[in-house]
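A short write-up of the structure that comes next.
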Amino acid sequence: MGTDSENPVLRNVLISFNLLLLGAVLKPFECRLEVTTEPAERPAVDEEGGLANCSPPVKEQPMVFHHIYNINVPVDSCCSSMLRSSAEEVSSEDDRLAEYTEQTSDSESQVTFTHRINLPKQACKCSTSLPSLQELLSRIEMLEREVSMLRDQCNSNCCQENAATGRLDYTLPCSGHGNFSLESCRCICSEGWAGSNCSEPRCPRGCSSRGVCLEGQCVCDNDYGGEDCSQLRCPAGCGSRGLCVDGECICEEGFGGEDCSQPRCPRDCSGRGHCDNGTCVCAEGYAGEDCGWLRCPNACSGRGVCQDGLCICEDGYGGQDCSAVAPPENLRVTGISDGSIELAWDSLGAATEYVVSYQPAGPGGSQLQQRVPGDWSTITITELEPGVAYNVSIYAVISDVLSSPVTTKVTTNLATPQGLKFKTITETTVEVQWEPFSFPFDGWEISFIPKNNEGGVIAQLPSTVTTFNQTGLKPGEEYTVTVVALKDQARSPPASDSISTLIDGPTQILVRDVSDTVAFVEWTPPRARVDAILLKYGLADGEGGRTTFRLQPPLSQYSLQALRPGARYHLAVSALRGANESQPALAQFTTEIDAPKNLRVGSRTPASLELTWDNSEAEAHSYRVVYSTLAGEHYHEVLVPRDTGPTTRATLADLVPGTEYGIGISAVMDSQQSVPATMNARTELDSPRDLLVTASTETSISLSWTKAMGPIDHYRVTFTPASGMASEVTVSRNESQLTLSELEPGTEYTISIIAERGRQQSLEATVDAFTGVRPITQLHFSQLTSSSVNITWSDPSPPADRLVLTYSPRDEEAPQQLALDGTRRHASLTGLRPSTEYLVSLVAVHGAVSSEPVTGSITTGMDAPKDLRVGNITQDSMVIYWSPPVAPFDHYRISYRAAEGRTDSTAIGNDATEYIMRLLQPATKYEIGVKSVRGREESEVASITTYTAMDAPLGVTATNITPTEALLQWNPPLMDVESYVLVLTRHTGETILVDGINQEYQLTNLQPSTTYTVAMYATNGPLTSQTISTNFTTLLDPPTNLTASEVTRRSALLSWVPPVGDIENYILTYRSTDGSRKELIVDAEDTWIRLEGLSETTQYTVRLQAAQNAMRSGFISTTFTTGGRVFANPQDCAQHLMNGDTLSGVYTISINGDLSQRVQVFCDMSTDGGGWIVFQRRQNGLTDFFRKWADYRVGFGNLEDEFWLGLDNIHKITSQGRYELRIDMRDGQEAAYAYYDKFSVGDSRSLYKLRIGDYNGTSGDSLTYHQGRPFSTKDRDNDVAVTNCAMSYKGAWWYKNCHRTNLNGKYGESRHSQGINWYHWKGHEFSIPFVEMKMRPYNHRNISGRKRRSLQL
């Protein structure tokens, strides 16, 4: 190494290295120092010390030496993870290596030394002591070696005048072909060198031990070659006909062998032959240049083409060698009836004909054949037996050679039952009859399915039965009756017809709380769905017709009002649906008699009371009058006949004067009697009777009388002279005579006597008396008419015993006499002749002495016309009629006057008996008088009052007509109108009174779709106009309250309230948002319909109107939106329920969602949250459950009645996941259930073993006893009992030894363990009438609950 002045660069390197050694001495650890020298070009350095872009010639490029010293921790050190390679970039301050860099450069030199020493910032202690100084010195020697090499390079050619000088103090170790390892103290040679000092050239891979290395080159053995003798040599060098690869020859096309010297066959004869000098000799069955073709058998018999060893036969031939006639292909059944089979096949063009052979599949059937031409491909075999399985074979024929047959087995249909008809129909029964079959079969199945598909009845009958009476049907229900013939597993096409049972009417009708005008009716409603209850009642004799009320169906009672008292009524209550009316429930009742009303006293006397009352409305024939004194004495009862007028009178006689009586009057009709109408009344005090003047003097008058019968205090006698000064005297009640004295002589006295009791006074008895003697002096005539006269006279004194009145016409000698009582003071003469003079005389008789007669004369007046009457009255005229008078006269005078107007009169001849009055005013009251006239004398006036007729209103019309209203309008008459009378007629008339100022009237509460006749006339007082009329028909009222409910994905239930009027049907139209529209005709009796087949998540608008003939009502409408489907292919009823199918019924599920495994099941969507698959039901015993293994495996029965779903289906369903089991049992109103939280049935290999979980419920646990048991039937005994449990207990079950429950036992059998038993509920001696077994997914309740909550959110 040179001096410091000579080589400052080296000096700097040594300084740095010494620092490194010092650090190593101060902090010893076991490390490994690696020094790497990297020669590189140095960029030029500018004057300021920066780098310049200078590119000297190649030989003069500067040299840069980078020395990197990495002091590394050994690999096995625990701290090695903290160190990084020298070449890595350090990314963070904490993990960076401690780096010391020094750069030494000479501006005059083109050599730069860079020293970078990397020390780990953190290092663990080395496990050994400080490295030996020898190793460090070796590093220094290496450094000086590199410096010596640098001197050699930097000669005058590259460094020019700045060439470095120095001396070589160190020889190169490892000959410059390797590195010296301080660890092993030996050379590690570079590739291609070897030896202790790496001075010996080395052969590649040591010639692979297959040759000798000479001066670095391999001399290979004979069979090998290549640079390293690793390649195999090929035989003969492949003879220039191939390529040597890994010692094997890849020969050119057409040559082969190890050395490619042999000719080669095409494709090596495909492995189906051997190559002979380039030519293939093929094995048997192959041919071709390369033996690639297959030979065909028998050269395809000349009837085909050989391809790939297979014969492609000509039409009509087949087989491996085309030697056989080909059978028809694709034989199929295209039609089956009860007597024929239609077959089709693919025709072969070469066939000359086909032979069709068929015979019954059962034993003993004869074989029949038919031949058809070869161009046929269909045939219909006829005249077959219904319900028979036939084996059918078809042969193709070519040149009398038959092909092998193609066969099929076909069963003809059973014939459709014929002649289905209904013999008798009641509310709950239908008797059906049909025609028998002439061929053997197993039996009949008849079903009665209601229109709403809820319930239904199915019965199986022997083949000999052709009539059937089905009982227990619902009244008023439409049923589809279907009759099907059965044979083996076949069913005939159904014969069906619809029939409706009669609607049942109300029953147990009861009439109670009957009074005179009210009766209360109760009944039991009908079971059938009806539109209305008709209540009809009327009088038993038919008077007044019948009144009908149309009541709403829920009503079961009604109060009849405004009845006629005492009348017998007939009552009928029936049900109505559409035009069908049930048989009525009949009753009769009689209203009570109403009591007489307005009881009053018309007149009273001391011994009588005259009673008057208004008659009862009832046709009472008499009245029972009961009366007695208030003290209860003198009780009397009398029966009084009913008067013909509105009132009846009765006089109670022989009463005690001055006494108060209690009176009760009841109406009596037959055996009925009304409640009494009561009152109190008092008789008058009776007067003294027979008051007589017994004697008379100049100053006194003696009187006598008969005493009053009633209790009195005294008598009061009043006497009054003509001068008018009255006097009175009181007489004891015990006296009956009195003499009045000190009277004025020759004076007339008026004497009266009354009886008194307290303030009550009797009527007075009066008599006129005269002191001294006074005869009758004059007759007085008054009220003279053409036929009568009144005569009065004064009292004689003393009083006469009797009076004799004599009268006669003047010119007649035969007078007439009247004998009168001496007390009489007047008389009336009647029946006299008109215009005749009469002589009248009166004689008073005293004992045997008669007074002188007192005489007078009169002349009667003219008689008036008789029988005056009016006829032919019009608005402005009328005719009066009369009969002529008796007395002669000159003419008639007729006068008439309006109520407010002048009087007109006219004279007509005496021979007239009628007269026409004209030019009168309409609706005017006229007073008409007719009298006869003779000279100046006129008769009395015969008069009559009448009215001219009113003019009628005009142009009555009905406008603004609706279903329940119409407006009547008219033009009024000319005269004033007090009121209009409208008579509105449908079936019966209704009278309406309208004020006369109106010219229109609004009719309301009309019946829709009804024709009305309106007649009207005007009235004014007693006057009425002519009647005018019009007709109109109300519009059809629409249904109301259209509602959509039970909306699911594909259906919705529409319901409505029917219109009031009669209709023919409904027109229902529904339209979706996409514009599609459908119209349905719905029967009139329906009030709901379920729309099916709707689109999911679609809004529908529904419009409904009623129709009657060509009439249409208005529309009502509603909208609804169908739901979406959660499960595209539901695998159980729970998924159907979550799809929105909420109605219980028959659904289709897909096992595991696979559409190819569809099963029809009955879903219970209501019990305990719904979603149950019902797999067994017992309810009426119509289905036989004592069946074989095959039946229980596949299932049987009617899903809507009694059935068993089938063990295979139950296994498949329960294999979908965890299911729970519920068993519902009912006995009348009593119910119980059992619940098991796990349920599964094994497959057929396990004999359908039962697996159930924990029990819960109300019935007790009777099923756990059967846990793990296989299923047993009468023909598969899998129980552990000595006997066959299924045979012993007439069922099929998971029997053990034998059972605690037997839900498939015999229906209705109560013998021990023989029926449908559940031991822990009803024991073994009770057959449960209703059982349902059902299953659903165990987590359904949670899932459905989450679904509902999500929908709410």
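The backbone N, Cα and C atoms fix where each Cβ goes, glycine too.
Note that the coordinates shown come from a computational prediction; the quantities given were computed from them, not determined experimentally.
Averaged across the coiled coil (132-156), pLDDT for the predicted model comes to 64. Look at Swiss-Prot and you will find 132-156 tagged as coiled coil, backed by sequence analysis.
Counting only same-chain residues six or more apart in sequence, the Cβ atoms lying under 8 angstroms from the Cβ of CYS306 (disulfide bond) belong to LEU294, ARG295, CYS296, ALA299, CYS300, ILE312. For the recorded site, CYS306 (disulfide bond), the DSSP three-state label reads strand. What Swiss-Prot lists as disulfide bond is CYS296-CYS306 (among others), and the listing cites sequence analysis.
Residues or ranges marked as disulfide bond in Swiss-Prot: CYS313-CYS322 (among others). Counting every protein chain shown, the Cβ of CYS322 (disulfide bond) has 24 other Cβ atoms within 10 Å.
In terms of DSSP helix, strand and coil, the domain 'EGF-like 1' (187-198) has 0 helix, 5 strand, 7 coil. Annotation source Swiss-Prot lists domain 'EGF-like 1' at 187-198.
Swiss-Prot lists 234-260 with the feature domain 'EGF-like 2'. Secondary structure of the domain 'EGF-like 2' (234-260), assigned with DSSP and counted as helix (H, G, I), strand (E, B) and coil, comes to 6 helix, 10 strand, 11 coil.
Among residues of the same chain six or more beyond the domain 'EGF-like 3' (265-291), those with a C-beta under 8 A of the stretch's C-beta atoms are 254, 309. Annotation source Swiss-Prot lists domain 'EGF-like 3' at 265-291.
According to Swiss-Prot, the domain 'EGF-like 4' annotation covers 292-323.
Among the features that Swiss-Prot reports, domain 'Fibronectin type-III 1' is placed at 327-419.
Marked as domain 'Fibronectin type-III 3' by Swiss-Prot on the basis of sequence analysis: 505-594.
The annotation domain 'Fibronectin type-III 4' is assigned in Swiss-Prot to 595-686.
Look at Swiss-Prot and you will find 687-776 tagged as domain 'Fibronectin type-III 5'.
The domain 'Fibronectin type-III 6' feature in Swiss-Prot is assigned to 777-863.
Secondary structure of the domain 'Fibronectin type-III 8' (953-1037) per DSSP (helix as H, G, I; strand as E, B; remaining residues coil): 0 helix, 48 strand, 37 coil. Summarising the annotation, Swiss-Prot assigns domain 'Fibronectin type-III 8' to 953-1037.
What Swiss-Prot lists as domain 'Fibronectin type-III 9' is 1038-1126.
Annotation source Swiss-Prot lists domain 'Fibrinogen C-terminal' at 1124-1339, citing sequence analysis.
Marked as N-linked glycosylation site by Swiss-Prot: ASN179 (among others). ASN179 (N-linked glycosylation site) falls within a strand segment according to DSSP. Sequence-distant neighbours of ASN179 (N-linked glycosylation site) (same chain, six or more apart, CB under 8 Å from its CB) are CYS187, ILE188, listed in sequence order.
For the domain 'Fibronectin type-III 9' (1038-1126), DSSP puts the residue distribution at 0 helix, 49 strand, 40 coil. Across the fold, the C-alpha of ASN277 (N-linked glycosylation site) and the C-alpha of ASN1041 (N-linked glycosylation site) stand 104 Å from each other. Using a Cβ-Cβ cut-off under 8 Å and counting only residues 6 or more beyond its ends in the same chain, the domain 'EGF-like 4' (292-323) has close neighbours at 267, 270, 272, 285-286, 348-351, 396, 398, 403. Remark: the domain 'Fibronectin type-III 9' (1038-1126) makes no contact with the domain 'Fibronectin type-III 4' (595-686), by the rule of 3 or more CB pairs under 8 A. Sequence-distant contacts of the domain 'EGF-like 1' (187-198) (same chain, at least 6 residues past either end, Cβ-Cβ under 8 Å): 173-181, 216. ASN391 (N-linked glycosylation site) and ASN469 (N-linked glycosylation site) are 40 Å apart (CA-CA, integer value). A gap of 41 Å separates the Cα atoms of ASN734 (N-linked glycosylation site) and ASN790 (N-linked glycosylation site). Beyond the ends of the domain 'EGF-like 2' (234-260), by six or more residues, the same chain brings 223, 278 to within a C-beta distance below 8 angstroms of the stretch. Taking the C-alpha positions, the distance from ASN1041 (N-linked glycosylation site) to ASN1031 (N-linked glycosylation site) comes to 31 Å. Sequence-distant contacts of ASN872 (N-linked glycosylation site), defined as residues of its own chain at least six apart whose C-beta falls under 8 angstroms from its C-beta, comprise MET878, VAL879. Per Cα geometry, ASN790 is the residue among the glycosylation sites ASN197, ASN391, ASN790, ASN1256 nearest to ASN1031 (N-linked glycosylation site). Of the recorded residues, ASN1256 (N-linked glycosylation site) and ASN790 (N-linked glycosylation site) place their C-alpha atoms 116 Å from one another. The most crowded of the glycosylation sites listed here (ASN197, ASN469, ASN790, ASN1041, ASN1256) is ASN197, judged by how many other CB atoms sit within 10 Å of its own CB.
For the pair CYS313 (disulfide bond) and ASN197 (N-linked glycosylation site), the C-alpha distance works out to 88 angstrom.
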